[in-house]
Amino acid sequence: MTAPPGARPRAASPPPNMRSRDFWGSAARLVKRLAPQRRLSIAVITLGIAGTTIGVIVPRILGHATDLLFNGVIGRGLPGGITKAQAVASARARGDNTFADLLSGMNVVPGQGVDFAAVERTLALALALYLAAALMIWAQARLLNLTVQKTMVRLRTDVEDKVHRLPLSYFDGQQRGELLSRVTNDIDNLQSSLSMTISQLVTSILTMVAVLAMMVSISGLLALITLLTVPLSLLVTRAITRRSQPLFVAHWTSTGRLNAHLEETYSGFTVVKTFGHQAAARERFHELNDDVYQAGFGAQFLSGLVQPATAFIGNLGYVAVAVAGGLQVATGQITLGSIQAFIQYIRQFNMPLSQLAGMYNALQSGVASAERVFDVLDEPEESPEPEPELPNLTGRVEFEHVNFAYLPGTPVIRDLSLVAEPGSTVAIVGPTGAGKTTLVNLLMRFYEIGSGRILIDGVDIASVSRQSLRSRIGMVLQDTWLYDGTIAENIAYGRPEATTDEIVEAARAAHVDRFVNTLPAGYQTRVSGDGGSISVGEKQLITIARAFLARPQLLILDEATSSVDTRTELLIQRAMRELRRDRTSFIIAHRLSTIRDADHILVVQTGQIVERGNHAELLARRGVYYQMTRA
């Protein structure tokens, strides 16, 4: 995104923001972004519930298979023809109370061995349920990926639309690389974080609830022992994440600053090499790269402690349950298969708890990126567009007591008034920072004036839409801009519906045809953003041809010939005289030779017109303009 010429310089970039302003608020706002995908989200949750429920039931089924095997082994060792009660009484009579307690809690038939058919049916059912759960989890993952992709496409679109609604004053205070990092890196990181966390979050919470219900159904005491570890895990997680979250914010902020430095260095690499600043650029790169490393390492190191810490706490609960459960089996309070199922449930319970702690790492990084993206979406936009369109113009432009300041208290334009009659050429000259370019930026409504009015044919430009206004004005900037495409496509950027003949006509008027005809591919020669193999002057000619093709009713030339050689400049001046006919034109240039034929010349200093007249009149006054011609 290229700011208009004369935009106020940016301040030095601040150090990385080390605090997340509202983690849970940003996370909630992120969840709301999923609302348009309600059907997909409901399908994801439904599949998650079904898959989790099946996965939780299977350990209980496997516990039943264990009971079948154990009952058969014990039953085979007992004499046949007696009941279980008689076998228990016989064991107590022998003084073997431990075996009697164990036997009383079992569903055993004395003299009967293992029912392998029942075991096979039970295991087959468990296998079928495992396969069904796996398919549901797979389908859930695919639908979740689709949900996240659609949400991110919408978010990227919203950010892109927002950028086009932002005033240019926003870009004055932003490095392009930093903004690009928000639109690309941060959204990519957000997408990755959502894909990693949402599925696990839904599945983990459902698993914990379902597993807890199954554990309570087996043994309330063992379930209580397991739950005692949860508050401790949450306290440890909170203590760690409170220290790691600011580092995630700093990491992505530092990444944006690094991208901004690279964008500035690479786009101006010729200047960097010309003035021998490679060492300084490398040193600055290493400083910013080290900032990214330090913040990233600290964030990952701290957040990486969460999972092992919660796993350790979970293992403490596992040991306690193993001891208490063994005692309950020995006393016949629960069966061996039940304690086996309970131990599996502990693993299932601790795993999502550990995953929740671990995914908080990715969630912190994602929310840090989300805050940076939401910052762009929350920026104040340009003032609302009025509906009326600008009528056909004769071209009278009037500034009435216009005042403007980029920053409050620092006026750039002071009580400026001027009139440009239809078809006239108005040249604006003055030292750097005098406010020349600011005048045309105000005419284009790139910025809103502080007070006063700007009228075109008596219509206040603030009362018509910006698009209607800008479609009537052709503007050639000092900094040329080409996009990756052919020369013909770059010229047609001024009016995409133009025919080939119209493109060639505009190119001929700007003398682009003189060098295009020497190229093997002619108008189909591809050029890149930096111009590729064509010269700076040739780039300037292409942008001028683009403006001519747009058929503007007003023309603004900002340093339009300052980057071309003398011969090309003479050709352009000759073409300009013809193209300016019947168009009100504003020319800004430091080369006074380009404005000798202007109808009116305005000499601007510190935002005020200090002299006005044509070339001969101003020379005769021997004032500021005269001194400029002598310099």
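Yeah, the Cβs are placed from backbone N, Cα and C, and that goes for glycine too.
Here the structure is a predicted model, which means the values were calculated and not measured.
Record note: among 1-20, 181-200, 381-400, 521-540, 1-20 is the stretch given as region 'Disordered' by Swiss-Prot. With the fewest other Cβ atoms inside 10 Å of its Cβ, the least crowded of the binding-site residues T432, T437 in this structure is T432. In this structure, G435 is the one among the binding-site residues G435, K436 with the smallest number of other Cβ atoms inside 10 Å of its Cβ. Its own atom aside, the Cβ of A434 (ATP binding site) has 22 Cβ atoms within 10 angstroms in the protein chains shown.
Around G430 (ATP binding site), a 10 Å sphere centred on its CB holds 23 further CB atoms from the protein chains shown. All protein chains included, G433 (ATP binding site) registers 14 other Cβ atoms within 10 Å of its own Cβ. Taking a C-beta cut-off of under 8 Å and a sequence gap of six or more, P431 (ATP binding site) has these contacts in its own chain: Q605. In the three-state DSSP scheme, A434 (ATP binding site) is classed as coil.
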